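S.K.: Next up is a structure, given as structure tokens.
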């Protein structure tokens, strides 16, 4: 399955269904144990996040948020790149990274054309000309050499804009459990492998990973703005600002696009309310550092999935237009036509069912690795890592997973390695979360190649980026990401999750005594003790 996922010899979702036919026929697991893995409560949480995202997209709320942020940060290149990154990361916490990138790139291109003019003309101006042609902001650059230098600078800024959006979307997805599939796979596999571990939920994950996202986003912005000419010692505020006219024009484009949206209507206001309610209820259910509202129900009965499904169910009957109060008094009075905020047809079109199958396939494969003893066998062979200091092991695991995910999908990567990493932690008597959380976050750090993630592919497909641009920028981004994860795990992560001690819940429960005995016999030739 790992080979098929990495090579895409079969569609990812088809490969994900292989355990249904292979595990029962090969005597690994009975069918009744395999099939339920495809729709665990984690999948319901993922589904609720996708449905909420489709409602936001249906009424254009995401575009209003994006333009508002850009209005606030202004149009100087360094600040505009920061605005793009903040907006992309915030939206990708709730929407898919791919949808966020697809929405933000056209906005970025419209602003860039206002700032610098037509891209083809800009490429021509990068070649030394014999005469000045005064294109968009070029009026004050009179000599051919000035025109060429300014055009080269503008081309660099253009690349910086295009490259910052997919990177920020990938970073933003790590901040919430529903932001990207690997986070959900971590939750699902923890519940399967360590059922007594209740430390990871929407609230606790957000408290841990949101500060990490902010630190990484800031460092990423400094690197991209520095590399692509948007950042100097005075943040692009030059002594005689030759680009002021173009910047005023670009700001006018943002203003005009925002004005065209008109005042916020009833449907957008309703979606915004339910979106905030969705986030607040998930965050406050059981945030660990304070008592959550779940204490009002039977212990262990209400999960994040329950919260998500309650909110999205309301979207299917709540009206998208303000109902007339007169109609309640007089049934003959005119009333607005009833159209719900979200139709099932729209939700069905927007939900990527293949990803839900992929999640299920990951849970099924992890279950097979665990029950068969394969994870224990592989973990035994990783025993030499016990000699490595734990903080160094965290860096090595994050770096390895981040490198692997450049060539395979992040979902496939975490499915393949998480059971092995969990078993390794048990072997070396380290809190499993100490290894599993960095691996999960590291899966989202695919910055170096266009094929690494769909957002990278979308940005690359614009035709303005080269592979060497992504490799050069992405290599440093990977290093920054690995260091940020290590910082988070060894500071506030230790305090939040008690990573400095070996927990009582860290005992795998689904491996029978017989299986353990047979695995022990198998491992005797390798001098590995269970």
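Quick reminder: no glycine exception, Cβ is built from N, Cα and C everywhere.
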S.K.: Would you mind telling me which of 37-56, 57-76 TrEMBL tags as transmembrane segment?
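M.R.: Range annotated as transmembrane segment by TrEMBL: 37-56.
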S.K.: May I ask you to indicate which of 104-131, 132-159, 160-187 is given in TrEMBL as transmembrane segment?
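M.R.: When 104-131, 132-159, 160-187 are checked in TrEMBL, transmembrane segment belongs to 160-187.
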S.K.: Of the stretches 37-56, 77-95, 160-187, 296-318, which racks up the most C-beta pairs under 8 Å with the transmembrane segment (433-453)?
M.R.: 160-187
S.K.: Quick one: do the transmembrane segment (37-56) and the transmembrane segment (266-284) have at least 3 Cβ pairs under 8 Å, skipping pairs fewer than 6 apart in sequence?
M.R.: yes
S.K.: Can you tell me which parts of the same chain pack against the transmembrane segment (160-187), counting only residues 6+ beyond its ends and a CB-CB cutoff under 8 A?
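M.R.: Residues 42-43, 45-46, 48-49, 77, 80-81, 84-94, 97-98, 100-101, 104-105, 108, 111-112, 200-202, 205-206, 209-210, 212-213, 216-217, 220-221, 224-225, 227-230, 282, 304, 308, 355, 358-359, 362-363, 410-411, 413-415, 418, 436-437, 440-441, 443-447, 453, 455-456, 458-459, 462, 464-465, 469-470, 473-474, 477, 481 contact the transmembrane segment (160-187) from elsewhere in the chain.
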S.K.: Taking contact to mean 3 or more CB pairs closer than 8 A (sequence separation of 6 or more), are the transmembrane segment (199-224) and the transmembrane segment (12-31) in contact?
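M.R.: Answer no, regions not in contact.
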S.K.: For the transmembrane segment (296-318), give me same-chain residues lying six or more residues beyond its boundaries with a C-beta closer than 8 angstroms to one of its C-beta atoms, as numbers and ranges.
M.R.: 41-42, 44-45, 47-49, 51-52, 55, 177-178, 201-202, 270-271, 274, 277-278, 281-282, 285, 340-344, 347
